[in-house]
């Protein structure tokens with residue numbers, strides 16, 4: 001029934017304006033999916049509405065990125081031999097961390113959510129949940145996430161989740177989002193953290209492969225988010241959020257999208273030596289597809305044509321999923337790494 005759909009991305013483990021925003025769900029025509037469908041006005045209906053409002057605070061759809069990024073990182077860290085119980089435990093702890101970050105972000109952004117059509121149905125914007133209750137809910141989720149990961153995995157994974165929540169809520173939401181068009185560039189770092197959490201849960205360290213996976217999502221987040229922001233730039237302008245499509249021409253926006261798209265694809269190739277033939281093939285073929293879409297958008301704007309940036313937004317989700325799915329398959333099958341052929 002009700003729930004939120006997104007990315008991007010860019011938040012926790014997630015972007016349109018923030019890691020959490022770009023991965024919000026959209027109908028195929030680009031209109032946003034509403035957060036909650038109000039149930040009947042019975043006692044049970046009121047309870048259901050409250051529960052659904054708290055669920056909507058966590059932006060459950062956005063947390064798909066958590067699954068897309070964390071599992072492949074864990075599989076690669078142990079070449080497919082990681083315990084299924086550890087995977088499930090890490091996902092649960094990561095889910096609580098992501099839910100905390102999104103809830104606290106809703107508290108910070110309540111004022112602008114009321115202004116933007118795309119976010120006006122969020123629980124705090126329509127006062128379905130008291131702000132104080134949402135704040136306590138978010139803080140409890142953060143504490144539970146840290147304690148769970150420390151218990152079920154290790155201290156490093158728990159600390160990484162807490163660092164992510166603090167960065168997303170304070171650095172991104174409070175400082176960057178309303179002050180600079182580079183908000184999603186640096187704020188998107190929060191959406192990259194699941195790979196580090198997953199890798200750390202398995203190894204207790206952060207390997208170079210995890211850093212490369214982090215950078216893949218880091219470079220992917222801006223084009224993914226800006227494509228959506230091009231569609232909703234008037235919303236951002238009304239809310240006073242200086243997203244790039246609000247403060248720059250479409251040609252400059254699409255040029256930046258193209259630059260970051262190339263950075264994304266080139267970074268995926270840096271992971272080829274640690275992976276097998278399946279990932280290498282996916283990285284090349286999916287990368288070519290992604291770049292073709294980005295070039296098409298840029299060329300259309302330069303030619304003065306009417307463009308549909310949401311196509312790139314939707315495709316970018318599929319691209320990232322393909323990259324990490326290929327990585328996971330390689331790790332599970334445990335094919336020889338590309339580097340092994342040259343050693």
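We number each residue from 1, going along the chain as drawn.
From the backbone N, Cα and C atoms, a Cβ is placed for every residue, glycine too.
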- Query: Between 257-277, 278-298, which stretch does TrEMBL give the note transmembrane segment?
  - Reply: 278-298
- Taking the transmembrane segment (155-172) as the reference, which of 85-108, 129-149, 208-232 gives the largest number of Cβ pairs under 8 angstroms? 85-108
- Task: Could you pull out which residues elsewhere in the chain have a CB under 8 Å from any CB of the transmembrane segment (129-149), counting only those six or more residues past its ends?
- Result: 50, 53-54, 57-58, 89-90, 92-94, 96-97, 99-101, 103-104, 106-107, 110, 123, 157-159, 161-162, 165, 197, 201
